[in-house]
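Student: Okay, handing you the structure first.
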Amino acid sequence: MIMAHSSFLDVSGAEKSFGAVTVLGGVDLRVAQGEFVSLLGPSGCGKTTLLRAVAGLLGLDRGTVKLDGEDITAKPPHRRDVGVVFQNYALFPHLTVAENVAFGLKARRRAAAETREAVTQFLELVHLSALADRSVRALSGGQQQRVAVARALAVRPKLLLLDEPFSALDRKLRETMQIDLRRLLRELGTTSVFVTHDQDEALTMSDRIAVMNRGAIEQFDAPEAIYRRPATAFALEFVGLSTMLAGTVTAQDGTTVAVDTAFGPLRAHGNFVPGAKVLLAVRPERIKVEPAGDFAFAARLRDAVFQGSKVQLHFEAAEGDRLMVETADLPHGVPAPGTELKLGWAVADTLIYPAPAS
Amino acid sequence: MKALRDPVVLLAAPAVLYLTLLYALPLGWLLAKSFSGPAGLTLQPYTEFFGDPFNWRVIGNTLGSALWVTVVCLAIGYPAGFALARAGTAMQIAMLVAIILPLSVGVVVKAFAWQIVLRRDGVVSQFLVALGIWDEPQRLLFTEAGLVLGAANIFLPFMILPIYSVVKLIDPRLSEAGATLGATPSYRFVRITFPLTLPGVVSGVAFVFSMSVSMYVIPSLLIGDRFQTLSTLTGRSFLFMRNEQLGSTTAVILLALAIAVVVASSWLARRLGSTE
């Protein structure tokens, strides 16, 4: 595991408002050297603003940005040593592929031989050597993205920022390119911050994910931890699917609370006073259908969606609730809608949050 | 007969007909006239024309004034095109109106207005004296500087508008990308922004140069007969001297020069604009 304590990039107290709208409300973000961190959140959550502030393309109202121990808050972008892959790639349309990659090296007045060598090396790394003398306008979306990556990396920046670099690509291409890019960045040891609204992308690529909502980071943790133990109801909703049941706490017993729901009483680990409105959640693959031992309750199947390696079962639930199960283990085949099935799960798998204010 | 039913042919027909009758035929006549002497085909009008040092002065006047007008328009119009493209919506509309509305005022009217502005007691003179640049009022009217000043004002919109339209299309993220690659603002301008505006510069220069190389009314009113250009000479040959031979010869030379300069400058710009 990466040492999360030594911070290579250190953003603290970042605040930014546009007029009356607060886009960043005092964000702290610490990224270790060589780490790949995703900023994940819906549009308008402030992730792109944070990225632009780190790149120096946007000034912060308050807060500091430190990179490699140096305060770069007041530095203009061209003196920060922070590379960016833009969402639309922002390739220079009047230059060829090789000239685009060489741009940063020439701007930094590197020796011609060094520039040539770096261009050759990075075009090879992104498998574009054959297209070096092509105009970038003649390239496909995937090729353009690779030029943008090679151009940003060729100057060996201390930090690479990626602003939704896969959003313009089709799904299949996106998946292979995610893996390729992740491998390349790992080989080069480049510290990277990646902005996305796509949870699958974030889960696939990241060492750690910062889940952002309304200008704040709600949870900053490894992908698995975020999926298994979402810190807030927002993180739960945004990352992965889950069953969600509204309820009211009826009793507390040590570390466990009893909650009354539309499907009867359920139990979860948590600390809530009786009478508190809560939201219970269970990840769909944690729920067992027709469990051998204890079960939580029976529910009527509304829909079964066959997805190849697994089946998704949707059950009838009260308004505002959602009850769904993903399972690969259905010994009697896919049940018909309308069947009543017993569902069960471990108390430890029950996530509990204060009910979101509606 | 089938070709007549082709919509492309039908759509182009009025324009072709109009241009053939009113432009190509008279131009052909002009060309033929300049090359024909009493004994058939001849180059004599041209050898005669180029043999006279006065005519070389006329060519110099024509190209010189057009060049100056183009340079002044470019120097003012290039930053103005940027200002226009990067201004806020309301400001942009106000500026566009300010640029386009004067186009509806005739050239003659504007040239007369400049006559008043450029007089010894005109606004320009008073202004320069007030600033202390000039010691006493001077007349700019009937000087080459006055001609360039007036003509540049009249042709300026034709420089600003094409530059404005290319600047508007440049993605501001390109300059940001340059910055994150370590390029200083001036390096970004030279290597990214300027090359991308070249197409606009080329069309602006082509517009202004071809209009100012052939201007007739403006020099007549702002500088007078002592400063002859190819177009004023052409006019005089037809209207006053009744010398159709000379008139058609100067007209053909003017046409050839204008085309050569415009073609050469766009070729040069394309070379500069392409990769180094």
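From the backbone N, Cα and C atoms, a Cβ is placed for every residue, glycine too.
Curation plays no part in TrEMBL annotations; they are all automatic predictions.
Feature table excerpt (TrEMBL):
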type	residues	note
DOMAIN	B:59-265	domain 'ABC transmembrane type-1'
TRANSMEM	B:58-81	transmembrane segment
TRANSMEM	B:93-117	transmembrane segment
TRANSMEM	B:145-167	transmembrane segment
TRANSMEM	B:196-218	transmembrane segment
TRANSMEM	B:246-269	transmembrane segment
Student: Determine which residues of the chain contact the transmembrane segment (B:145-167) at the Cβ level, with the cut-off under 8 Å and only residues 6 or more beyond its ends counted.
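Tutor: For the transmembrane segment (B:145-167), the list is 65, 68-70, 72-74, 76-78, 80-82, 84-86, 99-100, 102-103, 107, 110-111, 114, 117-118, 124, 196-197, 199-201, 203-205, 207-208, 211-212, 215, 218-219, 222-223, 227.
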Student: Who are the chain neighbours of the transmembrane segment (B:196-218) in space, where the CB to CB distance is under 8 Å and they lie at least 6 residues beyond its ends?
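Tutor: Beyond its ends, the transmembrane segment (B:196-218) has Cβ neighbours at 62-63, 65-67, 69-70, 73-74, 77-78, 81, 107-108, 111, 147, 150-151, 154-155, 158-167, 170, 174, 229-232, 235, 254, 257-258, 261-262, 265-266, 269-270, 272-273.
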Student: Quickly jot the same-chain residues contacting the transmembrane segment (B:93-117) by Cβ under 8 Å, restricted to those at least six beyond its ends, or write none.
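Tutor: Result: 83-84, 87, 123-124, 141, 146, 149-150, 153-154, 156-157, 160-161, 217-218, 221-222.
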Student: Mind checking which residues of the chain, 6+ beyond the ends of the transmembrane segment (B:246-269), have their Cβ under 8 Å from one of its Cβ atoms?
Tutor: 30-31, 33-34, 45-46, 49, 58-59, 62-63, 198-199, 201-202, 205-206, 209-210, 213-214, 230-231, 233-235, 237-238
